[in-house]
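> Questions regarding the structure given below will be posed in turn.
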Amino acid sequence: MKTIEVDDELYSYIASHTKHIGESASDILRRMLKFSATTQPTASAVKGTPAAQPVAEAKPVNPVKDKVRAMRELLLSDEYAEQKKAVNRFMLILTTLYSLDHHAFAEATESLHGRTRVYFAADEQTLLKNGNQTKPKHVPGTPYWVITNTNTGRKCSMIEHIMQSMQFPAELIEKVCGTI
């Protein structure tokens, strides 16, 4: 892996072509350029022209920046933009947060509940015990179920709690909550 620098506009353009959560920039570019791993680059360099040098060697990925990037990519993705209902955006955000750090997500959801309601559980029945009208839904890609009959403000506060617990920057939390 090599690291290259791109400007914000180009980064946003590439990120907007994300097909699924967790897709790497290399995968996106390969798809956009119709370049497969088996395709060999053609050597059409003019003699006397120096070959391009790599910008920098790949460095260990900073997990904090990586999770921030993943959330930004989600917000820029076509899949997220196509969601017409707040509950569907809510579910996509939860799936992404879980995929970024299972343990931190688990800790955040354990401490998240209302006066009389449990918001997250490992099964539908636990949520239904706290009210038949909770409309539990399974969070895709996770072992969790979540109640969904809350208003958008409550969904935002649930996301805010989880993201704060997972130590996301306040600006990103605000941006994510503003899109639900």
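Quick reminder: no glycine exception, Cβ is built from N, Cα and C everywhere.
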> Among 60-64, 75-79, 115-119, where does Swiss-Prot put the label region 'Interaction with DNA'?
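In Swiss-Prot, residues 115-119 carry the label region 'Interaction with DNA'.
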> Six or more residues out from either end of the region 'Interaction with DNA' (115-119), which same-chain residues have a Cβ under 8 Å from its Cβ atoms?
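Same-chain contacts beyond the flanks: 109, 126-127, 130-131, 134, 146-147, 150, 158.
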